[in-house]
Structure formats: C-alpha cells, structure tokens
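Chemist: One structure, pasted below without further comment.
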Ligand code: UDX
Ligand code: ADP
C-alpha cells in the first residue's frame, strides 16, 4: 500500500468541496488541494467571510474553518495541483448532453476528458486517479485509455469511487456513510490502489463499510442506487394522483407501506416532483446505456420514472390554473421556495423551474421567495429552458427577500421547497394580505392544513 501525502481534487463543486473538506478533516497528515478553473468559485471558497462559501451545506463552514489553511487549500492552479499529488480525484460536472448523439440523455464527458488529457500532459510521476463525479459506466475505461496512451510513460491506476452524499445533509452523510464503494482492477497494482484509497476513508469509516468491487460494478451501482431512489419517488407520486381522485391520503399510505420492513419508510414522501443534479441525469443515462445495448424494454422501464416525474410537475401547475378559475393570466402567484430541496442553495432541475415555466406559458406573474437562492439564479434557470424571452421573464418574474412581501396581494401561494421556516410563518397575517379566495398549493405537504383552513385558506395538497 502506498502512503498518500498529497491529494488533489479537480472540481470545487457540490461533490468535490464537501468531500475533500471531510477527507482533510479526518486525515490531518494529508495535504488536500482543491483546484478549479472557475476563478470566482475558488475566490469564494477562500473568502474570509465563511458565509460567502459558494455552497451552502449545514456544518460545512465549521469544517472549512478548521481545515482551510491547515491541510485544505483552494486554488486555480490545476497543473501545480496535479504535479504535487499522489492521488487525484476528478470531481467535475457531467451534465446531460445538450447536443449531438445522445442529446438529452447521455452524459457529457467532455470535462472529464479534458481533465484526463491535462493529467497526462503535466504529471511527472505515477498517480492514482479516482473518478468521483457521477459517471456513466465505462468512464474509467475512457480515462484509462487516454492516460495509458499518453507519452509520459508513467503508471496511472484508475479507480471508481462514486459519491452517495445527498445535498443538504452532505456533511452528515460524509461523516457517517452507509458505505464507501471503491472499484478498480483486480491486478496487483489495481488492488494496491484500492487499498491505498480505502486507507484514506478508514481514517474514520469502519472497515466493513468500505466495499471493494470491480470498476463496472462500482460505476453501475451508482446509477442503480439513484435509479431505485428516483423510482420510489415516482411510485409514490403515481399513487398521489390516484389518492387525489379517491378518499385516500398519500401520507397515510406511505406510513402504512413503510412499516413493512421489506419496503422501509425512507424516500416515500410524495412531492411536486424530484429535482437535483443526479436523479434525472442518472436515470436518463441508464436509459441511454440500455438503449445502446439494444435493451429497449429496460430503457423504456426506467424512462417511465422520468415521465411520471414530468407529469407530476405539470399536474401541480395545472392544478394551480384550474383552481384559479382556469386562468392565471396577469395573476400573481407567490412561490415559497426555489431550491430543489431544503437546506441547499442548489436549484439544478428543481421542480420550481418547470412549474414556473408552465405558469409563464399562461401569462402569470410569479414572485419568488427562497431563503438561500440568489435572485440571478432564478433568472438563469428560467432562461436556460429557452421557452420565454429573457425580457419577458424579467418582466413577469420577481424575486424578493421577504415571504410576506412575496405573498402580499397574491392570487395563489405555491410551496415548492420544504424549507422548515415556511411552517412557522404568521399565516393569519398572510391571509389578511392575499386576494380571496385564498388558495395555498402545498407541493410538499408540510403546512398545517387544518390550522390554515381555520384561518380561511383553501389548502390543496399532493395526494390528499
Ligand atoms: C441524490 C441521492 O440521494 C444521493 O445518494 C446521490 O449521491 C445524489 O443524488 P440529492 O439529489 O442531493 O441526492 O438529494 P435527495 O435527498 O436524494 O433528493 C432528490 C430529490 O428528490 C429532491 O428534489 C427531493 O425533494 C426529492 N424527494 C426525496 C422527494 O420528493 N421525496 C422523497 O421522499 C425524497
Ligand atoms: P458537482 O455537483 O458534480 O460537484 P459542480 O458543477 O458543482 O458539479 O462542480 C463541478 C466543478 O468542476 C465546477 O466548479 C467546474 O468549474 C469544475 N470544472 C469543470 N471542468 C474542469 C476542469 N477541466 N478543470 C478544473 N475544474 C473544472
């Protein structure tokens, strides 16, 4: 087993940042350099004001406060980071392709490939290269191809080490992971590399939770885990539509089935639809991979998870329109929440974006309040869809810093994110300032329906 003294992580994002912060915290003897080409991001990570870190995660700033400058460093000098490292994590983004073959489904590996070529170009000795981003199966092989065909003559051992942290609970997930998965070759050098990476984790993770597999199993396990989780949400959301047509209550159903120990209680919360950077991307990726092997039925099976999710978001928006006498034209709809889940400022694939887009088709005015998402992000998200002119979006959508201002004189209030603070608002005060009938659309089933109804609101839930 090699002794690791220096780790470099390429990509200072939602995965690289928190993961490396914890590795540095638990391995004070290892110097960890996080490098990124995005200068603003690195400057934010280095800001003395820890409230300006580019990522909001409960507990993150405390870890950064302890480790930054001690054995955790952030820099834009990617070459230097690569040269100094014994082990390199690749943690760059792998978005769904927006062009060419596999458009809308396959993962875009261009950032990974650029990293591999850069490593091949600047490395001056052997390295262990760890793929940390969510990647489609076979990425390790592509990395290996590029690195082994480089003219450097050095040995690059490639490992797959998928990250299972969820945003909003990243620090807890990293400190106490259900398992750590390390995939690599079964050759002597491959085994040595796997043991070397295992030792980094064993600084705080019990040995029996660190699994070693071959590369394919590791890569495909990540896609499978996310596909199963997304499927659970689509399954309960499918039931929510049926509940709304009958007298059944989806939360009661979730509780009843969750008590079956074979099913279990987690990930059964019906919602306006799942978002986030992983679920949709990974399921689409799985669909693409299945299709590319001619497995049409497998591809169609998983694709339904995405279709049901799209249906759920559309259904929510349509219900707002329906309950507003079939028109939201020039009406003000207040959005409570824009992030894809609570306790994060991440908005990637958030259901709020699609619900807003649908309401914009119907000429609604939208006023957004989210405790953590900056205003410009809301505009960027809507403009990215290219369904409405940027000018029109800025005219029709406004972002405010106060929930009472957002809801003032609104024709309807929609809860898109399950932020805890929404539950403790003065709903009687809000009632007095909204237009009547006062409609609340609770896309997360978090508000106290009975209390709000007593105040005078009509409360529309998911699956009730
Ligand atoms: C997910 C996986 O959980 C994690 O293991 C992987 O590494 C990355 O993808 P993340 O996207 O950060 O993590 O958050 P997660 O908590 O899984 O939530 C994803 C979406 O599903 C959110 O929009 C959330 O609101 C929604 N969700 C989750 C539900 O609608 N109902 C649930 O019961 C759980
Ligand atoms: P994730 O959720 O997977 O962490 P993010 O988009 O939050 O994804 O972070 C990925 C980071 O990787 C971004 O900050 C981006 O600037 C960085 N990145 C992408 N390509 C490169 C590269 N070739 N070299 C260095 N950093 C890169």
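A Cβ is built for glycine as well, from the same backbone N, Cα and C atoms used for every other residue.
As listed in TrEMBL for this protein:
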{"type": "BINDING", "residues": "11-16, 36, 41, 92-96, 133-134, 167, 278-281, 348", "note": "NAD(+) binding site"}
{"type": "BINDING", "residues": "163-167, 222-226, 262, 269-275, 340-341, 444", "note": "substrate binding site"}
{"type": "ACT_SITE", "residues": "278", "note": "active site, nucleophile"}
{"type": "DOMAIN", "residues": "334-449", "note": "domain 'UDP-glucose/GDP-mannose dehydrogenase C-terminal'"}
Chemist: Within 10 Å of residue 223 (substrate binding site), Cα to Cα, which of the recorded positions 11, 36, 93, 278 are there?
Modeler: 278
Chemist: Same-chain residues six or more away whose CB lies under 8 A from the CB of residue 93 (NAD(+) binding site)?
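Modeler: Listed in sequence order: 11, 13, 111, 133.
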Chemist: Among the binding-site residues 14, 93, 223, 270, which have a Cβ atom lying under 6 Å from any atom of ligand 2?
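Modeler: The qualifying binding-site residues are 14, 93.
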Chemist: Tell me which binding-site residues (14, 36, 96, 280) have a Cβ under 6 A from ligand 1; sequence order is fine.
Modeler: none
Chemist: What average pLDDT is reported by the model for the domain 'UDP-glucose/GDP-mannose dehydrogenase C-terminal' (334-449)?
Modeler: 97
Chemist: To the nearest whole angstrom, state the Cα distance for the pair residue 273 (substrate binding site) and residue 167 (NAD(+) binding site).
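Modeler: The Cα atom of residue 273 (substrate binding site) is 16 Å away from the Cα atom of residue 167 (NAD(+) binding site).
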Chemist: Give the three-state DSSP assignment (helix, strand or coil) for residue 280 (NAD(+) binding site).
Modeler: helix
Chemist: In whole Å, note down how far the CA of residue 167 (NAD(+) binding site) lies from the CA of residue 340 (substrate binding site).
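Modeler: Cα-Cα, rounded: 10 Å.
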Chemist: I'd like the Cβ neighbour count for residue 273 (substrate binding site), meaning other Cβ atoms within 10 Å of its Cβ, all protein chains included.
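Modeler: I get 29 for this one.
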Chemist: Measure from the Cβ of residue 223 (substrate binding site) and count the other Cβ atoms within 10 Å, all protein chains considered.
Modeler: 23
Chemist: If you draw a 10 Å sphere on the Cβ of residue 278 (active site, nucleophile), how many other Cβ atoms land inside?
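Modeler: That number is 25.
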Chemist: DSSP on residue 273 (substrate binding site), three-state: which is it?
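Modeler: DSSP assigns residue 273 (substrate binding site) to coil.
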